[in-house]
Structure formats: C-alpha cells, structure tokens
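Trainee: One structure, as structure tokens, below. Some questions next.
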C-alpha cells in the first residue's frame, strides 16, 4: 500500500525555466531576472549582518520589512506580510481559503504555478481563457469560488488590465481576488488603492524582478489586516532568514537605485520591441521586464532551438495557446543587441 496522498502521487509538478549550472557561458533571458545587480546598499547591509548574528533566529514577524514596505506604499504594518518569495504567499492564500474540493480560478495563459499549488491542497482548478482583446471569456456574473488569481501585468504576455476592470472584477468575485503584481514595478499602474477600499482584494509582490533579489527569495502581500492575520497563522514561523530580512529593508529604502534600474529596463524593453517589429515579429506591448513576441512563421520552437544552439536562453511554452511565440526577458542593451543579431541571422 502506498501511503502517499493520491493527488500528490498523480500530479506532475511545476517545471521552472532552465537554469544552467554554467550560467556564465549563456546569455540568460528565460526567467525574467533583473540584468543589473542589487543596490550596493543591499550588499553592504548583508555583509554587515554576516557574523555572530547568524547564530540567532531571525525576527519571526519580519517587522522591519513590514514597516519599511508600509512606509513606502502607505499602509500600516499590519496590512503587510513578508514572504520567502511571493510564491509562499500564493501557496498560503490557497491553504487559508481553499479547502479540499473547493475551487480556485485563474486566467489562462498566466502563471501556471497557481494550478500546482491548488493540486497540492486538493482544491479544484478552473481557468478562464482570453479573447483577442484580452477580456475573459465566459466569466460569470458572480464567481463563487474561493480565490481568483489575476496576474497583472499578465505573464507571459505582458499586457496590463486597467484598474477599472480589476475593480469591477473584484465586485463579481465572492471570494478573494488576488492580484499578482510580480511585474507591476515596470508598469504605470497598480492595485494598491483597491486594497485600501475593497476587503476582498490582495496584492502580492516579489523582489525577484525589479529589486534584483531572485537569489534571496523575497516577496510580500498587502491586504486587509484580517487576511494578513490569517496568513501569519499558517506561514513558517521563521520564513525569512536574517540576511533576507536585511536585504529587504535595504532594497526598499534605496528607491533612487531602484528607479534607475527600472527606467533602464523599460527603455531597453521598448527599444527591443521596436527592433523586433523591424524584423517582422508580432510583438505584444509589454508592461513587464520581458517581451512576448511571435516570429513571422509563427514557429516559436524553431527559433527557440536555434537560439539555444547559440547559447541564448529564452522561454518557449509548448501550450498551444503560446507555442507560436517566445517570452524574452529584458537584459542589458548589449545582451539584447546580441539577441537581435542572432534572430536576424536565424530568420
């Protein structure tokens, strides 16, 4: 007899982007990492924390991070929870709100990890497809499931929903509307104001993209204090180590460096998109740190393989909804020039 839970034994699990062990030998544009290093103040703060303090447990509530995020975004600290990557918050939201057999939903295509997290919990999953104008197909007047996840800006496509649409959607969701803003720092709008006004809206953020801290696993959520209190009950009690908490505070405090990096990425993204169009690629206007684009022959796999041979990594999705194109992370100007030259050669 196999004592393993049936749903765990049968699930496939999430497959992340390829991470080469010899990454220095690749142009790595497949996992939406920031091409620039963390703030020098972050490195300085981490190095200052390394030493005798590491023998002590970290602050279980990550209070300094909650306070710094609250100051930056205009919330009291009890509206904020820090996490070991925003994935931890997404996982705990499902654990807190969706029991076995209960339903969560999300837009397809978007972040498929929502489905994996629901499978672990034994929850049901429902997806809503997009029409050509990015509207949700067949969305009911009232959605009665426990959680609805909306990735905004959308990943992997990069478009952004207007806040008016998100507010209307929140009014049609009986449960919680989770706005996954992993890429919001590269966009012009966010949903933080909706959190203040609507108790069923949660915003999640990550430090992996705009703050260059993918290797530290840092994220946060902002929500009504009752929701935050529930998430605090079920998170790992020491979910952020001392170095991560130190990096979090230093990163949030150095907004000048943050804005410089974000501005450079936006500028490179828009330039790269324009250059792809010169090559007759179909490019979706992006509000993230990546571009989803389709080659003239609509054969994303062919171009992916040709780039891989040149040790340029981009993201290909075999899903029929996405297989015509590629998601290309925005790197440095030099990396994107190299990629454009390769694409012109590949044809």
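Keep in mind that glycine also has a Cβ here, set from the backbone N, Cα and C atoms.
Checked Swiss-Prot, it gives:
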- 209: N6-(pyridoxal phosphate)lysine (MOD_RES)
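Tell me what's around each of these sites.
Mentor: Secondary structure from DSSP puts residue 209 (N6-(pyridoxal phosphate)lysine) in coil.
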Trainee: Measuring CB to CB from residue 209 (N6-(pyridoxal phosphate)lysine), give everything in the same chain under 8 Å that is also at least six residues away in sequence.
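Mentor: In sequence order, 32, 33, 34, 182, 183, 185, 186, 288, 289 meet the Cβ cut-off.
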